[in-house]
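A quick write-up on the structure given underneath.
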Amino acid sequence: MVQICRSKNFGSDGTEDSDSSAEREQTNSSESDGNIPKRTRLTRASLRLSQSSQGKAMGWIPIYFPPLRPVCSRWLALASYSSPNPLAPGHLQDPLNVGPFLPPTHVDTLDVKQDESPPLTPTGNAPSSESELDISSPNASHDESLAKDPALRDSDKDLSHRPKRRRCHETYNFNMKCPTPGCNSLGHLTGKHERHFAVSGCPLYHNLSADECKVKATTREKHEEEAKVQEESNRHATRHQTPTSRQTRYKEQVTEMRKGRNSGLSKEQKEKYMEHRQSHGNTREPLLENITSEYDLELFRKAQARASEDLERLRIQGQITEGSNMIKTILFGRYELDTWYHSPYPEEYARLGRLYVCEFCLKYMKSQTILRRHMAKCVWKHPPGDEVYRKGAISVFEVDGKKNKIYCQNLCLLAKLFLDHKTLYYDVEPFLFYVMTEADNTGCHLVGYFSKEKNSFLNYNVSCILTMPQYMRQGYGKMLIDFSYLLSKVEEKVGSPERPLSDLGLISYRSYWKEVLLRYMYNFQGKEISIKEISQETAVNPVDIVSTLQSLQMLKYWKGKHLVLKRQDLIDEWKSKETKRGSNNKTIDPSSLKWTPPKGT
């Protein structure tokens, strides 16, 4: 019988293992009792090393072991040829130098024991180059002695050196907790999750309990199912856009709910709100009851739940993590603004989490100290370029992206923090930027801006438009849109914004188009109206006019013709709002524009 032994343990790099002396002593002690076969451990690296260095030197024919491949039930079989000349006791021989080749008399099949949980490799569950194969011996007494010896058993089965797989989301959930004081991270605002790790999903922050969130979630799901069923049953063609009786009743109910709300808060309610604010501060959401109608408050709650669900889905998918490379807040003038989206600032700035931006030159900095020193020597008090409009404290500056490249790039990076679909950051030379500011005794503060191509093939009058968050819902967005169409009128062109529009941009443009059409209808005295005439007078693209008329249900197809309906109820409603709004400065005066269309680039 030919037996394969080893004199030293070699690692994958050819060095001697630390436990080779212990195995040699164990081998000598076991062989003193007689001709007892040995139990050894072989690695593929040691086989290759012995084959290349010693096999040819001794003149013996090496036995080549084929590459190990997983077979059924993950067992491997190795065949050894038997020899009539057994090895002498106490003699150590190289594993592959087995002497002259002799004809085999019989073949012994040796089982290779594998660990119960072998480490995974990039190619599957096959053993790696460092994995060890235990070649069992047919001698049962030696196996029993090995099992009784704790040191050998521990060394043979010790797998502590092998790394264990760990799931990332388990570690993430284990380390995270809700930042709201007094919250145990149980429940979720959507009512669909058992735990939360952000303020957006915290029931306690929203002055609710976990059970109340689950009840509200059930109610929302029920209403959504009813709305889907009703939508499927009330599908109308383009020619039949009249509201159904159910929609009419619903609109009347909403109107009554909005009329019936309280015009102001009582003394007890004000004291309750002030006590809540003083006791919790910014760690809780302010009390929102009786501020608006129940219908509008419920819409706001639904929007909160939907946004929280989207954030939770992104967090589970791993797109939002605590270590994400995203700026959380920026210090801009007198305001500290929370960002909405990622902006490709340089990595050393994006890692900070908080960015400091000069509100005049838009230079971004790393710390409050750098910003303070910069503001002490910054000579800018308004945007670069030409001031083309001024009325009161409102001014608009025309900035050429080719002449003021750094400023325009910084403006685009700042805008990306609040816009989702913006893709232009550094290639600003083909664009003109119109920056709106509000002046006081310290300078001209940035309100918003829009950009347009110098030579637009599709006659886009706006490529990107933004109102700064601290100036939103004050009429400045509509002023920017109106100013862009005023420039189109001076150029004697018909303009339209570049698509796609952001969510807030689409809402602003639809509101502006609606106001323009209703004002035109209010002042129109003729019997026949033309969409082309409306487009030429307002500089609004005919496609935008048709879509707005359809949304207002003022366009109808009758007897082969398209008719524009003059809905007096909508016109009266718009007129009443205009009267309540009164005269304010949030309008564009065409006489205050000092601008001529640029020639060339």
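Going from the start of the chain as shown, residues are counted 1 onward.
The backbone N, Cα and C atoms fix where each Cβ goes, glycine too.
Some features that TrEMBL has for this protein:
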type     : residues : note
ACT_SITE : Glu498   : active site, proton donor/acceptor
COMPBIAS : 122-140  : compositional bias 'Polar residues'
COMPBIAS : 141-161  : compositional bias 'Basic and acidic residues'
COMPBIAS : 219-235  : compositional bias 'Basic and acidic residues'
COMPBIAS : 249-259  : compositional bias 'Basic and acidic residues'
COMPBIAS : 582-594  : compositional bias 'Polar residues'
DOMAIN   : 322-597  : domain 'MYST-type HAT'
REGION   : 1-51     : region 'Disordered'
REGION   : 99-164   : region 'Disordered'
REGION   : 219-271  : region 'Disordered'
REGION   : 576-601  : region 'Disordered'
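Within 10 Å of the Cβ of Glu498 (active site, proton donor/acceptor) there are 17 other Cβ atoms, across all protein chains. According to DSSP, the secondary structure content of the compositional bias 'Basic and acidic residues' (219-235) in residues is 15 helix, 0 strand, 2 coil.
When the compositional bias 'Polar residues' (582-594) is classified with DSSP, helix, strand and coil residues number 3 helix, 1 strand, 9 coil.
A mean pLDDT of 91 is what the model gives for the domain 'MYST-type HAT' (322-597).
Under the DSSP three-state reduction, Glu498 (active site, proton donor/acceptor) is assigned to coil, being neither helix nor strand. Taking DSSP states H, G and I as helix and E and B as strand, the compositional bias 'Basic and acidic residues' (249-259) has 11 helix, 0 strand, 0 coil.
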